[in-house]
Amino acid sequence: MATSAIQQSSFAGQTALKPSSDLIQKVGVLGGGRVTMRRTVKSTPQSIWYGPDRPKYLGPFSENTPSYLTGEYPGDYGWDTAGLSADPETFAKNRELEVIHSRWAMLGALGCTFPEILSKNGVKFGEAVWFKAGSQIFSEGGLDYLGNPNLIHAQSILAIWAVQVVLMGFIEGYRIGGGPLGEGLDPLYPGGAFDPLNLAEDPEAFSELKVKELKNGRLAMFSMFGFFVQAIVTGKGPIENLFDHLADPVANNAWSYATNFVPGK
């Protein structure tokens, strides 16, 4: 009787000491009854931005999403009216292009606004408006990077064009051709030296960051489009347009500028 109790106690203790990550089923007999001990695996919480229950582009009013948009990838809100992602190869290519253009747009939006912000706060480094800055190369003194002649000084638009084509063409050609430098790395999220802050160490946090990057990137692409339209319509930079709107919202807004192009006005 005592031996049986010791064996049962030892069996229960060994089971309790098993790691919580293991899925274990032990069966024993106690007092003529059948006892099953089971330890289940703790499920990993999933991000709300992925899977079939993720937010859709029209919220609860969204229609049935296409079967190929399963929520597997970041930024998938189930919207593809034109069917651009129906082909898997095209879908993969479009995902890559969107991430790359998002990153360029975020850098571009910063470059379009930051010089104006500095200029408004008394920092002088030449032309602050983004679409006017390049024209300084045609001036007598040429173009100084950040207004400092000791950094990069340029006076030839042809030289700038040639350097841009050669450098960017080489880099893009290398990327598209799949050079050996990036072997073994994810083409969109290489990590390592490209993640010095180790932001992608936690997989769950990394999946959230992918979504945030695309959301901000899409907003930046729309912003860049708006900056181009503003430059054509008003001839001013985005910060100056913002200041004008805040000073007189009625006279300076998209509607008032659009009506200037009405025939007969």
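Cβ coordinates are placed from backbone N, Cα and C, and glycine is handled just like the others.
Just so it is clear, the model here is predicted, and its values are computed rather than measured.
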Among Thr15, Thr40, Thr70, Thr81, residue that the record in Swiss-Prot marks as phosphothreonine:
Thr40
Which of these, Ser85, Ser207, does Swiss-Prot say binds chlorophyll a 1 at the same site as Trp79, Glu98, Arg218?
Ser85
Among the binding-site residues Gln164, Asn216, point out the residue whose Cβ has the most other Cβ atoms within 10 Å, with all shown protein chains included in the count.
Asn216
If you run the three-state DSSP split on Gln230 (chlorophyll a 5 binding site), which class comes out?
helix
If you count other CB atoms within 10 A of each CB, which of Tyr57, Phe261 wins among these binding-site residues?
Tyr57
Taking the Cα atoms as reference points, how far is Lys212 (chlorophyll a 5 binding site) from Gln164 (chlorophyll b 5 binding site) in Å?
30
How big is the Cα-to-Cα gap, in Å, between Asn216 (chlorophyll a 4 binding site) and His101 (chlorophyll a 2 binding site)?
11
Residue from Tyr57, His101, Gln164, Arg175, Phe261 whose C-alpha is spatially nearest that of Gln230 (chlorophyll a 5 binding site), among the binding-site residues:
Phe261
